[in-house]
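The next block holds one structure in the form of structure tokens; read it before the comments.
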Amino acid sequence: MISLNDVYHIVAAIIPLYVAMILAYVSVKWLKLFNRDQCSGINKFVAKFSIPLLSFQVISKSDPFKMNLKLIGADVLQKLIALIMVAIITKVRSNGHLNWIITGISLSTLPNTLIVGIPLLKAIYGDEAHVLLAQIIALQSLIWYNLLLFLFELSTASEAHTIEAQGDPEVRQEAQEIDEREGTKSRTPKRRRLIIILLTVGKKLLMNPNFHATVAGIAWASISFGCNVKLPKVVENSITILSDGGLGMAMFSLGLFMASQASIVACGTRLALLAMFLKFIVGPAIMAAPSIAIGLKSVPFKIAVIQAALPQGIVPFVFAKEYNVHPDILSTGYYDCCLFLQDNRWLACGIANCGGVLFVVGIIGNAQKAGSEGIICMYVCMYVYGL
């Protein structure tokens, strides 16, 4: 049963996370404390240090031997459905541009599970929510964020006008060696260009700190839970001191970007409505369908669907800003209202993120007609164009 105390815990857990975003917005919009170069440096610090260490911390504390396979299966199917759907639509409407595929997948399948999801759902469903969400976050960090990085690097490499002239000489040498080993000196330019692009992407991905953090995280989690050992305290504290600040720095980076835009809805009304549809309608729908199909029930099902309807993830925004791929769309303000039914009580929790200001409203009421096992998610999404 949800109580006023639960509402307090939800608000207390979420509000502090947005304080950093508010301070960043005020610092740039009104106080003029940071210029564009300084904002870019902060975003790079978040992408190269804060997010990788935060990913390592989350993955390393998730037991890989006790995963909810149905939940993981539903999450994987959601991503596959979204990838196929967005690829088809993009092929028809945007001539197959990879950047739109990346943005579509980010909006529909990568919610803010870490920053908003854990405190929100843990307050409603208890420790079980934390355990299940940690598994989803681990999968996001290990697979989906690295896949996103691969697509970003692939887009960057494939858009180079003269890839062979501008590419890394070592990569061109590797491609030539492959040709010689396979005895295909007459390889077509198109196929040779593809090899160079893939080698360039692979090399950059291997150099990305987030890739190393996720691999190290799953390796240590396997050792830690398999052999019942812990990190030395000095190592754990060194990671924690930076990873704990990762959430705040990521939100700070988002606030800086929002303040640097001429309009709060930086991408325009049409794209804002499209982003809203993908985030709050398509995302939960393509999570609910495979969850039902594979038999996910009760609390895990509720958690799976609700987390899919959470606000946009901060990590995809950080990557989008780093690679300059539609960060305006991912940063657009929104209003999200979810209605949770549990036992004979209901909690309406609204989160409005607009211009660096967060509004959280919690309302308690009776819902006896809804039944004790029901759950309803309603999405009332309204873009706000100014304060």
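Note: Cβ is positioned from N, Cα and C throughout, glycine not excepted.
Bear in mind that the values here come from a model prediction, so they are computed numbers and not experimental data.
As recorded in TrEMBL:
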type	residues	note
TRANSMEM	6-26	transmembrane segment
TRANSMEM	71-92	transmembrane segment
TRANSMEM	98-120	transmembrane segment
TRANSMEM	132-152	transmembrane segment
REGION	165-186	region 'Disordered'
TRANSMEM	241-259	transmembrane segment
TRANSMEM	271-296	transmembrane segment
Ranked first among 6-26, 71-92, 98-120, 132-152, 241-259 for CB pairs under 8 angstroms with the transmembrane segment (271-296): 71-92
Quick one: find which recorded stretch in 6-26, 71-92, 241-259 has the most Cβ pairs under 8 Å with the transmembrane segment (98-120). 71-92
